[in-house]
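Per Swiss-Prot, the features are as follows:
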BINDING   19-26, 81-85, 136-139  GTP binding site
BINDING   T26  Mg(2+) binding site
DOMAIN    10-204  domain 'tr-type G'
REGION    19-26  region 'G1'
REGION    60-64  region 'G2'
REGION    81-84  region 'G3'
REGION    136-139  region 'G4'
Amino acid sequence: MAKAKFERSKPHVNIGTIGHVDHGKTTLTAAITTVLAKAGGAEARGYDQIDAAPEERERGITISTAHVEYETETRHYAHVDCPGHADYVKNMITGAAQMDGGILVVSAADGPMPQTREHILLSRQVGVPYIVVFLNKCDMVDDEELLELVEMEVRDLLSEYGFPGDDIPVIKGSALKALQGEAEWEEKIIELMTEVDAYIPTPERETDKPFLMPIEDVFSITGRGTVATGRVERGIVKVGDVVEIIGLAEENATTTVTGVEMFRKLLDQAQAGDNIGALLRGVAREDIQRGQVLAKTGSVKAHAKFKAEVFVLSKEEGGRHTPFFANYRPQFYFRTTDVTGIIQLPEGTEMVMPGDNIEMTIELIAPIAIEEGTKFSIREGGRTVGYGVVATIVAE
């Protein structure tokens, strides 16, 4: 069969399957591709093809992830499925696989299990905004009341972590039976995807977000002024826009972009993904430095203290060989620069072992432009020893 070309005209959404080991995440992923393939919206992928996910070395960490793509009537999806629990932790904290929404798979025969809870918590911490539930293995449960109990348990668990548990769509099905081609269960997969289409909103495009550019380098051009270079992370910047210079300083400075240059050509505007030089009015070379960001006025603030979800590299991954304790002072690398910070561990946690993932409070020695969801790495003498994501800002 010739490989059908995916229509790029449909809105694109990134999703993934999450949930406890052996509850059927991979079987469900295979079932979705198989059922949608009948309508011409996917290439059917067998369980074995998905399960044998190649290990990816993403910045020195080994993560196994399966990527599949498929489409419904209205959308194009990229779907990630991870074989192991540790793969989810790494994936979600490093942002290797960005998720606009998740399908939480819970076995109706077993109910919520420890990793069900952990994945819901992780989704909350790293900012997966929407979750749809697939109660799997319903063919193995004859008791309607038992199914309702499991559904209630899952809804309560979601509410406990700040998701709207009462409103979340819950679909009862059997991934295995659907994969085997049984019509009544195939219907449930269609129902699941209809709910995913309706419930998980199309993400805002990067270009529609407020402008932000991390500053990589600064130089002055005689007679013209100071230029800050970097890659636009999000939004659009036009000549004449007023922007703020944020981070590493007591006060934010405000300036006007008087020129935008890319590949030595002058542009009227630049957008997310472009590598540019921005000419800034009235800014002295020494007033601006790498590690600061240029951003739309009022869109982001500099903070020094925050709570973060952190994954500490194991010795095998090139991380530390020994644990660290409270008041550990490594460097935190945000976008383009390292800033020293002090770690506070949660109550009752004495130390953190290589390979752990943990929530901690971090206080930087200088404020940096951050918001919930900002990713960073933890370094010691230029060597990466961990990755993290800002979960909440701590008011100072």
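Just so you know, glycine gets a Cβ as well, placed from its N, Cα and C.
Remember, it's a predicted structure, so these values are computed and weren't measured experimentally.
Positions of Swiss-Prot features highlighted on the structure.
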residue: G19; record: GTP binding site; Cβ contacts under 8 Å, 6 or more apart: K25, L104, V105, V106, Q115, T116, H119
residue: D22; record: GTP binding site; Cβ contacts under 8 Å, 6 or more apart: S107
residue: T26; record: Mg(2+) binding site; Cβ contacts under 8 Å, 6 or more apart: T17, Y47, I50, D51, A66, D81, P83
residue: H85; record: GTP binding site; Cβ contacts under 8 Å, 6 or more apart: V21, Q115, E118
residue: C138; record: GTP binding site; Cβ contacts under 8 Å, 6 or more apart: A108, L147, K172, G173, S174
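Averaged over the region 'G2' (60-64), the predicted model has a pLDDT of 74.
Residue counts for the region 'G3' (81-84) under DSSP, helix first, then strand, then coil, are 0 helix, 1 strand, 3 coil. Around the Cβ of K25 (GTP binding site), the number of neighbouring Cβ atoms within 10 Å comes to 27.
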